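J.: Attaching a single structure in C-alpha cells format; questions to follow.
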Amino acid sequence: SRFLETGDKYICFTFLQVVEQNVDPETTLLTYLRRKLGLCGTKLGCGEGGCGACTVMISKYDPFRKKILHYTANACLFPICALHHVAVTTVEGIGNTKSRLHPAQERIAKSHGSQCGFCTPGIVMSMYTLLRNKPEPKMEEIEDAFQGNLCRCTGYRPILEGYRTFAKVSVYLFFLQNGGCCGGKANGPGCCINEREDNMTMMSSSLFNPSEFQPLDPTQEPIFPPELMTQSNKQQKQLCFKGERVMWIQPTTLKELVALKSQHPNAKLVVGNTEVGIEMRLKNMLYPVIIAPAWISEMNAVQHTETGVSFGAACSLSSIEEVLRKAVAELPPYKTEVFQAVLEQLRWFAGPQIRNVAALGGNIMTASPISDLNPVLMASGSKLTLISNEGKRTITMDEKFFTGYRKTILKPEEILLSVEIPYSRKGEYFSAFKQASRREDDIAIVTCGMRVQFHEGTSQVEEIKLSYGGMAPTTVLAIKTCQKLIGRDWNEKLLQDACHLLAGEMDLSPSAPGGMVNFRRTLTLSFFFKFYLTVLQKLSKQHNGPNKLCEPIPSNYISATELFHKDPIANVQLFQEVPTGQAVEDMVGRPLMHLSAAKQACGEAVYCDDIPHYENELYLTLVTSTKAHAKILSIDASEAQTVPGFVCFVSVKDVPGSNITGIANDETVFADDMVTCVGHIIGAVLADTQEHSRRAAKAVKIRYEELKPIVTIQEAIEKQSFFKLIRKLNKGDVKKGFEESDHILEGEMYLGGQEHFYLETHCTVAVPKGEDGEMELFVSTQNLMKTQEFVANALGVPSNRIVVRVKRMGGGFGGKETRNTILSTVVAVAAFKTGCPVRCMLDRDEDMLISGGRHPFLGRYKVGFMKNGKVKSLEVSYYCNGGNSVDLSHGVMDRALLHLDNSYNIPNVSSLGVICKTNLASNTAFRGFGGPQGMMIAECWMSDLAWKCDLPPEEVRKLNLYSEGDLTHFNQKLEGFTLRRCWDECLSSSSYHARKKQIEEFNRQNRWKKRGMCIIPTKFGISFTVPFLNQAGALVHVYTDGSVLLTHGGTEMGQGLHTKMIQVASRTLGIPTSKIYISETSTNTVPNTSPTAASVSADINGMAVHNACQTILKRLEPIKQSNPKGSWEDWVSCLYLIPDLGYSFEKNEGRPFCYFSYGVACSEVEIDCLTGDHKNIRTDIVMDVGTSLNPAIDIGQIEGAFVQGLGLFTMEELRYSPEGNLYTRGPGMYKIPAFGDIPAEFYVSLLRDCPNSKAIYSSKAVGEPPLFLSASVFYAIKDAIYSARKDSGVTEPFRLDSPATPERIRNACVDIFTKMCPSAEPGTFKPWSVRV
C-alpha cells in the first residue's frame, strides 16, 4: 500500500509540548510516558484497563459539540497514535511536594487513603477529572467516578471519607441521624457521652481534621493549550504511522474511510482500543492495518429521528449515556423504555475510563457473546446502517446478525456507520438485566434484554422478544419461546409455560466454556420472572380502573422488581486519645499520616520499576511452561533470534552456581528436563526493550511429552500425593468426649484459594558491579535475606557479594515473602551472563500464573456436643493444596491447626494436617497464613451445631468462648484475654438484638430478597511459628546536624511500618519525628532480617529500634554531662529476639505465640434470591490492638484486612481447567472488592484500656488478625439463605463452600426455577473448570 504522508505528531502534556516524529502504533500512552518522557507517576497495574492504576486525564476540543472535553482514560490501552492534537494531564502535572499539592492529592494523603500508594495516582486522577468537570460534585458522582479504580490495601473507606469533603452536601450530619455511637440510646453502656465523666479515657472519632485542607480553587487549574484549539479548526489531513509490525491510518472523511476499508478489507477499525489492545497484548493477535475513524463527522453524529435516536458508530459510551439521560428527562416515560434499559446496562458497564473511550460500534462489531448492550439492541430491534463502496444499507439487529463466535453478517469491506436505538410505544415494556461476579466494572455471566408489546388497552401479548448474552457463542433470541407466547394473556400460566419453554430452549452443555452451567440456566428463568413481575406492576399501575386487566403483584414480591440502588455511606472510627499530659512532640498513639503519603499522591514515590533506566540495560521476559506436568523434549529459540533487539536466551545451562533453590531445596531456578506446573519457568529472553523481549519470548518453541497431572485436593487424596510431614495435634480423650455427647455432627467444607493481587507485580532490577561477583538488586520483596541467599547460591558467590535493596512495595500481603525469589534469581543469572543491568517487571497475567496464592483448604469434621450447645469433642482433618513445591506450606498448615479452635474452648481435640502435592504453581504465604482457613472450618461446624440445637447462634458461640486463664488445645495459657469485652461491646454497639428482630420482619415481608446477620469472634496468635524468625535488627546513624537516619529489618509495603518505627525512635530519643528519616531497607545495613510478615514486624523491629536508640542514649550520657550543649554523633547496631518462644507438636507443649490479638465483628447483608447478588449493609468491628502506636494506621489495617477477607469469602474465585491451566489471569476474570462492595455502614472501634505488656509501648500486632472477621459476612449470607430456603419449604442444613459467589448463593436458594434446571451427573461430562 502507498505510504501516506506522516504529519507531525503533536501532543501536549501539561507543561511539556511534545512533537514526536516516529511513532510505533503499538506503543501505548503508558509506555510512552514512562519510557520516553520519564514520567513514572502513572503506574502499570494490569495492562487490560481493569485496575485504574494508569488513569490519566485526556483533554481535547470536540469540534462536533464545540466544547473542550476532559475525561479519564486508561493509559495502558490508549494508543499513542490517537493523541494527535490532544492534551494529556498526568498526576505529576497537577501538584507536587516541592511547590504545592493539589487538593485532590492533599486530601487522600491526609485522610489516610494511601497505604502502599501504587493505586493512589490513578485514584487522584479520577477525582481530579471529576473536579475539572464538576467542582462541587454529589457524593454519588464521587463514588461513580471510582468504578474503574481498584485498591488492595485500604478497604476504600478512608479514600471516600477524604474525598467526601469535596461533596456539595457535607455529610457531617449523619452522626446525628444515626444518633451517635449507640443509635441515640443515650446512657446505654456503649454510649460515648457517658465515657467522658466516669472514665478518664477520651474516645475520639476524628482521624484527620478537614479544616486543615486547602480549599479547591477551580480558577487555578492549568488552561487548555490554545494552540490545540486553533489546530482543531483547520482542515485535518489524513495521517499514517508505520511501526515495526502495524500501520495506523487516520482518515478525515467518510469517503477516505470507505476507500481504505475496501483496500484493506481485514483492517480493524479502532476508536478506544479497549478490545483490540487487549487482543494484541493478551491473546497474541496481530492486526497489521488499523484504521481510526474518530475524526469522521458522520461516525460521531447524534440525530433525533421520528422513530428513535441515531448514534454514529464512533460515539463513546459516555456520550451516549449523556444523550439518553437527557432524552429520558425530557420525553414522556412510555417513549423511553428502551433508553432506560440501555442506561441501566451502561451504569455497570466497565469503568468510566473505558466508557469514555470505547465506541458503540466497537461493542457491536466485537460481537462478544457476553456483551451487555447487544441483547438490548437485539430485543429492541435497533437499526444498523452499514456502508461500503457499493453504497449504504440498513438492517435490523435480529437473530441473523451474529453468524458465529465473534462473527457478524457484515461483509469484510463494510463498515458500521450508525445505530438507531428506537423509542418505545404505548403498551410496550422493556427491561434489561445483567449478573456478574461483582457489581462494578465486571463482565457479565448472563445478560439480557426483554421487550413485550401488548395489544392496545389489553394484557394480551402482540409481540415479545427475549434476547440473552452468555448463553451461547453469540447473543441469541429465544425464538421458539417468543413465538409460543404471542396472543397469550400476561398471567401466572404464561409465566409457567415461558419458564418451561426457556429452560428447554436456553440449554447449555454441562462442559460449556465459562462453566457455572446451572447458575446460567437458572438466571435465564430468574430474569424472565423479574421481567414478568416488572411488567405486571406497570400494567396494574396503568389500568387501575374498574376493569382490572391483570392480577396485582403480591406485596412480598415487589422488592424483586427494584433496581439496585446504592445506600449512602456512613462510618465512624473510634479510638482512644493519648493520655492528657503527653508531650506534644511525642507522636506515639497519635493518628500521624503515613510518611510517604504525600509523595505517593503526587506520583513521586519511587517503586522498583520507577528506578531510571541504566545506560545499557536489558529487559527480560520469562518463558514458562504451558503444560502442568510434562517432560521437556526440546527448546528452540531460533525464531526468537530474528526479533529486532534480541540479545540472548537464558536457561538452565547458564546458571553459574546451583540450579537448586527454594525454601526446602525442592525447586529449580530454571526447569531442567521436567516441568511440574503451568507457569514453571523454563528460560528467559533478553532484549533491548520490553516489547521486543515479549515478542521474542512468544517465539520460543518448546516440545513436551505430557504426563498425567494432579490438580485438585481430591485427586491428591486418591493418589496419596502428599508432602511427607503430616502434622497431628491432639488433646484430651476424643473417644470419651464423643461417648458423653448428646449429638454428633459430621460434615466438610471447602475454601477456595486467593490471589494476592498486590497492585505492583513482582519486579527486579539487577546491576552487576563487575568486581568479585558483586551484584546489587532492587527487588519488590518482603524478604531481603532469602532473596540475597538464593541469588548468591544461583550465582555461586558468598552472600556478602550480593546487596538487596527495597525502598517500598506496591503491596505484598505475603505474596512477596518467598515467591519473589523465582524472578529475582532468574534476573540475577541473566545479569551475570550478559554483564549488563537487567530489569523485569512481570505483566499481571504472568504474575497471577506463576507466583501462587493462598492455599485452598478442605476440612472434614466430626463434632460432639450437648443439647445446650456446649462442645465436648472435635475430630478434624485439614487438607491443603500446596502446589508443586513445599515453600511455606508447613508453616501455613501449622498455623491452621493452631487456630482450629478459633476462640472456642474444646476439651477434647484430635486433628490432622495434610499438605497435598499437586501440579499447580506453589501456594505460599498470604495475610493470615492458614489461620483464616483453620478458623473458617471451626465457624462452619459451629453454625451447623447452633442450627441442630435450634438455638440462636450468638448464644451458642458465647457459651463456648474461652475465659481468662483457660488453656488452649496447644496448652498455652490465655492471659490478658479481652475477647469477651470485645464481644459484649460489639453486641451493644451494633444493636444486635433490635436489628435481628427487624431482619426477621424484613424477611417475612419479602419473598425474593432476604437479609441475614452474624457475629463472629477471632483470636489470632502473634509470632512466626518458626522460633528463629522472631528476630530483628536496627541501625541508627546520628549525624552532626542532629538528623537521624534509621534503618531496620522490616520492609514498607503500605502497612505504615516505617511511620510507626519513626514514632518509636522519636519517643525513645525524645526528638521530633521531622528529624528522623528512613530511606530504604537493605541487606548491607541490617543483615539476616526476618521476612516482613506474620504481623509481628512492628513488634520485633520496634523493640530493635528502641534498643538501638537506648544504646545511643547511654553512649551520649557521659558526653552530655561534660558538655550539656554538645552535638551528638555515633552509630550502633543491635539485635532483638522475642524471649522464650518455642513449641513442639509431638509433646504438645511450649509457647508457640507471644500473645494473641482479639476482635469481634457483626455484619448484616441482603441477598437477591433470584440472582445470587448480595450487598453488605453494615459491619461493626471491635478490635483489641493494645495501646495503638498509630490509630490511623491501625484502623487502616483493620479495614484493609477486612475488605481483603470480604474478597476471600465472597468474591475471589481462582478457576482452573481440569488440566491445571489457570483461566483467571487478570482483573477481567478475577474480581477483588471494588469501591461499591464495602459495607454501606462501616464502624470500627479500638478496644480501650487494654495495654499489652508483651510488645513495644504496649501495642499489639494488627496486620493479619482482622482478616478473618469478614467471615461474619459469609455466615450472614448463609443466615439469609436459610431464610430463603425456608420459604421454599426446605429446612435441612446445607453446605456452603467459600467463596459465597453469586453462583453459590443462587444455587443454594432452591426454588421452582432451580428445579427446572437439574444438574448433569458428575462423571458423565468433562467440566470447564475444576475446584482445586
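Cβ coordinates are placed from backbone N, Cα and C, and glycine is handled just like the others.
For reference, TrEMBL lists these features for the protein:
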- 9-94: domain '2Fe-2S ferredoxin-type' (DOMAIN)
- C46, C51, C54, C76: [2Fe-2S] cluster 1 binding site (BINDING)
- C116, C119, C151, C153: [2Fe-2S] cluster 2 binding site (BINDING)
- 241-426: domain 'FAD-binding PCMH-type' (DOMAIN)
- L269, V270, V271, G272, N273, T274, E275, V276, F349, D372, L416, K434: FAD binding site (BINDING)
- Q782, F813, R927, A1094: Mo-molybdopterin binding site (BINDING)
- E817, R895, F929, T1025: substrate binding site (BINDING)
- E1264: active site, proton acceptor (ACT_SITE)
J.: So what's the average pLDDT for the domain 'FAD-binding PCMH-type' (241-426)?
T.: 96
J.: Using the CB centroid of C46, C51, C54, C76 as the [2Fe-2S] cluster 1 site centre, which other residues of the same chain sit with their CB within 8 A?
T.: L30, K43, L44, G45, G47, E48, G49, G50, G52, A53, N74, A75, G122, R844
J.: Run through the Cβ atoms and count how many others sit within 10 Å of the one on C46 ([2Fe-2S] cluster 1 binding site).
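T.: So the Cβ neighbour count for C46 ([2Fe-2S] cluster 1 binding site) comes to 26.
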J.: Once C116, C119, C151, C153 are set aside, which residues in the chain still have Cβ within 8 Å of the Cβ centroid of the [2Fe-2S] cluster 2 site?
T.: S114, Q115, G117, F118, T120, R152, T154, L759, G810, G811, G1054
J.: Consider each pair of residues in L269, V270, V271, G272, N273, T274, E275, V276, F349, D372, L416, K434, all listed by the record as binding FAD, and report the largest Cα separation in Å as a whole number.
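T.: It comes out at 27 Å between the most distant Cα atoms.
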J.: Spatially, and counting Cα to Cα, which of the binding-site residues is closest to C46 ([2Fe-2S] cluster 1 binding site)? Options: C116, C119, C153, V271.
T.: C119
J.: Using DSSP, what is the helix/strand/coil residue split across the domain '2Fe-2S ferredoxin-type' (9-94)?
T.: 15 helix, 32 strand, 39 coil
J.: Out of these binding-site residues, F349, F813, F929, which one has the fewest other C-beta atoms within 10 Å of its own C-beta?
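T.: Relative to the other binding-site residues in F349, F813, F929, F349 has the fewest Cβ atoms within 10 Å.
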J.: Fewest other C-beta atoms within 10 angstroms of its own C-beta: which of the binding-site residues C76, L416 fits that?
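T.: So among C76, L416, the binding-site residues given, the one with the fewest Cβ atoms within 10 Å is L416.
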J.: Restricting the comparison to the binding-site residues C54, Q782, F813, F929, which residue's C-alpha is spatially nearest the C-alpha of E275 (FAD binding site)?
T.: C54
J.: Which of these binding-site residues has the least crowded Cβ, counting other Cβ atoms within 10 Å: C116, C119, V271?
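T.: Each of the binding-site residues C116, C119, V271 was scored by Cβ atoms within 10 Å; lowest is V271.
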J.: Please identify, from the binding-site residues C51, C54, C151, C153, L269, the residue with the sparsest Cβ neighbourhood, meaning fewest other Cβ atoms within 10 angstroms.
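T.: L269, out of the binding-site residues C51, C54, C151, C153, L269, has the fewest neighbouring Cβ atoms within 10 Å.
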J.: Let me check the 10 A CB neighbour count of R895 (substrate binding site). How many other CB atoms are there?
T.: 27
J.: If we count other C-beta atoms within 10 Å, could you say which of the recorded positions E275, E817, E1264 has the fewest?
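T.: So among E275, E817, E1264, the recorded positions given, the one with the fewest Cβ atoms within 10 Å is E275.
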J.: Can you name the binding-site residues among C76, C151, Q782 whose CA is within 10 A of the CA of L416 (FAD binding site)?
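T.: Qualifying among C76, C151, Q782: none.
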